[in-house]
Amino acid sequence: MEKMTRVSTINGRTMFCHLDAPANAISVCRDATQVVVAGRNIFKIYGLEEDGFVERLNLRVGRKPSLNFSCADVMWHQMEENLLATAATNGAVVTWNLSRPCRNKQEQLFTEHKRTVNKVCFHPTEVNMLLSGSQDGFMKCFDLRKKESVSTFSGQSESVRDVQFSMKDYFTFAASFENGNVQLWDIRRPDRYERMFTAHTGPVFCCDWHPEDRGWLATGGRDKMVKVWDMSTNRVKEIYCVQTFASVARVKWRPERRYHLATCSMMVDHNIYVWDVRRPFIPFATFEEHKDVTTGIVWRHQHDPYFLLSGSKDSTLYQHMFKDASRPVDRANPEGLCFGLFGDLAFAAKESLMSAPASAGDVGRKTYPGGDRRYPIFFFKKPDVTEQFAQVSSALSVFESEADSSAGMDWFINTAQSYLLSGKPFAELCEHNAHVAKSLNRPQESTTWTMLRIMFSEPANPSLSTNHNLNKSGNLPLVNSFSMKEMSGALNERNKENRQDNIHSLETNLNNNDENEETEGSEGQAEYLFVDDELDDDELYSMEHDNQPAEESEYLLPQEAFPLRHEIMDHPSAPEPLQEKQESPHVSGSEAESMCLTPMESFSLISVSQQLFSPHLPPKFFCPIVKEMLCYYAEQGDVQMAVSVLIVLGDRIRKEIDELMQEHWYMSYIDLLQRFELWNVSNEVIKLSTCGAIMCLNQASTTLHINCSNCKRPMSNKGWICDRCHQCASVCAVCHHVVKGLFVWCQGCSHGGHLEHVMEWLKQSKHCPAGCGHLCEYT
């Protein structure tokens, strides 16, 4: 009666409120009337009323901002309504007492962790016990009546992602780790964990004990899996596995529903899903209100399955009502379709759809529920809905692809093996990858690589870049001279190489003398002269001259033919002048009479050594469209192209794309490479990645579980002796001692030993040192 009374008092609807900043975590109080929202820049308490959320208290007080307010997690005590705990990004664990009369509600500060604290958890029945897990790999248990931790737990592993006290076992808590392991601890024994098992491939981000079933523990990881483990037996057993759409950041069991749990993702997917673990491939319900990553979920009351609270990076706080959730099952296609790794197609449907009627008379015939027409229908009991669901059978058809079919995945393998991602200049990488895509009949990808080379290649002559400014007086250069002969030759050379699409003019030198100013140019049959950028094509003049010996008379060119230009202030149609900051050349009165140019000095007139404008747009100009292109490829499922371009472009585009999105692309591509057993390519992608979570994939420790060679029992991690037969494992066949370093064995007879001992033995004899008579060979 007490439970029903508490549930009946909870009323509400689907509602939301805007927050001041993105939320990292949320927690609800015991009576489900208030919720606390914590993040890097927010720490507030909101009241839950029928009309909406009402701000009750802002816990970020003080003139100077403190990192103690920058929260990675928050927990509201379920026995003491005025007590909260937060995990700070600076490694501090802070408790808050809402009953304090002053504005600052901070009560205790624990600074024993050296890195960010990821999780804090109160004991469900012990008021003064608080547990924390940190990036430093340690878990600490605090007694709130003391100023220091009472015990420290070292998992001998990487960072701790989540810690949860068991709802049924007073002394037990579970911890999930970055390396994919889950450990069970007894708070009375801080020296060693009680049990450890590998739950996921990759980090385990979250875990949650079932509120009713004593031994059920749900875990979620980066491998997009939610797994339910049975801890009540001597050996950990996986009983359910749910395949989600993205990495699982939070998992919470649904109250009053044994097989339901809620999950949210830490990247890509913004929705909240409620799963029935008995039907793991399609969500039972979906909440689609958030526009960015959901960071925290909590059921409003421990006995109410109809209200779910959530916070997100979109700076919103939502209360979801279960009747407003969308039901994917209602819209789902009852037939299944799936492509295999090598292009094979599998199709599953009900047997009634896959098999044709036996005869024409069977069409439209209805059968009795019991299936036997010898008895009246009232003798048969209508089957339960769950039984009907369990008894449904499907037929599976597999269509194998031909070897030369376009549906095959040979193009993926050949592309992964042929692409160059590093080791050469950027232009050569793009050109090589374009040829690879073209040879594999992928014209769109080939064109993409070619366009990337054009957009992001640097000019061949760095002196003609756009990093030049106006001179001090603000004047534009008077004349820019081009040698068409040299330009044509350069273009022909570039067309042969097919490497550059830029037009570079001949760089000239400006020499200043005391008496006059002369400009040396290159020889040519024709010189095209234009002043600034204001002349049209029909205003260009061609001046021809013949190469004459140096000893002939000089050409006298009147200065008044080229009057000095006035200062140009602002001209919207003219490009930005590209002249270095220096004073404009000044022509004195005596120098204004004439200027002397010799034939050997060409017919180039007063000019500058830089172009008026660069033929290249800055690379940042193309970043938005390249970002859209990468997202397009990823949405189409071609993560190979997205990741390859991301690696080749490097810092040119990396900052434009969200790091979590990059991590999702990398993980998807690496997963595909490993499915095709392209281990070398996978390792290269990991090494070239700039995401921290990806770079550490090939640096994680590798655990090899071995069995006893005598009784075949799995070896424990307590030593090198089998617990059952008391025989040593991995004994060297030569020296008969336990091998604790490099171990080499024969694949024919399975005998082996120390690497050095086996090498020395096989130099003298070809027979196995164990005496089995096998002819062993060391290669």
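The backbone N, Cα and C atoms fix where each Cβ goes, and this holds for glycine too.
Positions annotated as repeat 'WD 1' by Swiss-Prot: 66-106. Among the features that Swiss-Prot reports, repeat 'WD 2' is placed at 112-152. What Swiss-Prot records for 155-195 is repeat 'WD 3'. Under the heading repeat 'WD 4', Swiss-Prot lists 199-239. Annotation source Swiss-Prot lists repeat 'WD 5' at 243-285. Here Swiss-Prot flags 289-332 as repeat 'WD 6'. Residues or ranges marked as region 'Disordered' in Swiss-Prot: 506-526, 570-590. Marked as zinc finger by Swiss-Prot on the basis of similarity to another entry: 707-729, 730-779. As annotated by Swiss-Prot, Zn(2+) 1 binding site applies to Cys708, Cys711, Cys722, Cys725. The Zn(2+) 2 binding site feature in Swiss-Prot is assigned to Cys732, Cys735, His754, His757. Per Swiss-Prot, the feature Zn(2+) 3 binding site maps to Cys746, Cys749, His774, Cys776. According to Swiss-Prot, the Zn(2+) 4 binding site annotation covers His751, Cys768, Cys772, on the basis of similarity to another entry.
Mapped onto this structure are the features recorded in Swiss-Prot.
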residue : record                : Cβ contacts under 8 Å, 6 or more apart
Cys711  : Zn(2+) 1 binding site : Cys722, Arg724, Cys725, Gln727
Cys732  : Zn(2+) 2 binding site : Val738, Val739, Gly752, Gly753, His754, His757
Cys735  : Zn(2+) 2 binding site : Gly753, His754, His757
Cys749  : Zn(2+) 3 binding site : Cys768, Ala770, Cys772, His774, Cys776
When neighbour density is defined as the number of other C-beta atoms within 10 angstroms of a residue's C-beta, which of the binding-site residues His751, His754, His774 has the lowest density?
His774
Distance [Cα-Cα, Å, rounded] between His751 (Zn(2+) 4 binding site) and Cys708 (Zn(2+) 1 binding site):
13
Counting across all protein chains shown, how many other Cβ atoms sit within 10 Å of the Cβ of Cys776 (Zn(2+) 3 binding site)?
22
In sequence order, what residues of the same chain, 6+ apart, have a Cβ less than 8 Å from the Cβ of Cys746 (Zn(2+) 3 binding site)?
Gly752, Cys768, His774, Cys776, Glu777
Mind checking how the repeat 'WD 3' (155-195) divides into helix, strand and coil residues in DSSP?
0 helix, 19 strand, 22 coil
Indicate whether His754 (Zn(2+) 2 binding site) is helix, strand or coil by DSSP.
strand
Helix, strand or coil: which one is Cys708 (Zn(2+) 1 binding site) in, per DSSP?
coil
Residue list, the repeat 'WD 5' (243-285) vs rest of chain: Cβ under 8 Å, 6 or more residues beyond ends.
205-213, 218-226, 228, 291-299, 301-305, 308, 310, 312, 314, 320, 322, 325-329, 332, 660-661, 663-664, 667
Within 10 Å of the Cβ of Cys772 (Zn(2+) 4 binding site), how many other Cβ atoms can you find? Include all protein chains, please.
14
Packing count at Cys725 (Zn(2+) 1 binding site) (other Cβ atoms within 10 Å of its Cβ):
12
Please report the three-state DSSP label of Cys768 (Zn(2+) 4 binding site).
coil
What is the total of other Cβ atoms whose distance to the Cβ of His757 (Zn(2+) 2 binding site) is within 10 Å?
18
Within the predicted model, mean pLDDT of the repeat 'WD 1' (66-106):
89
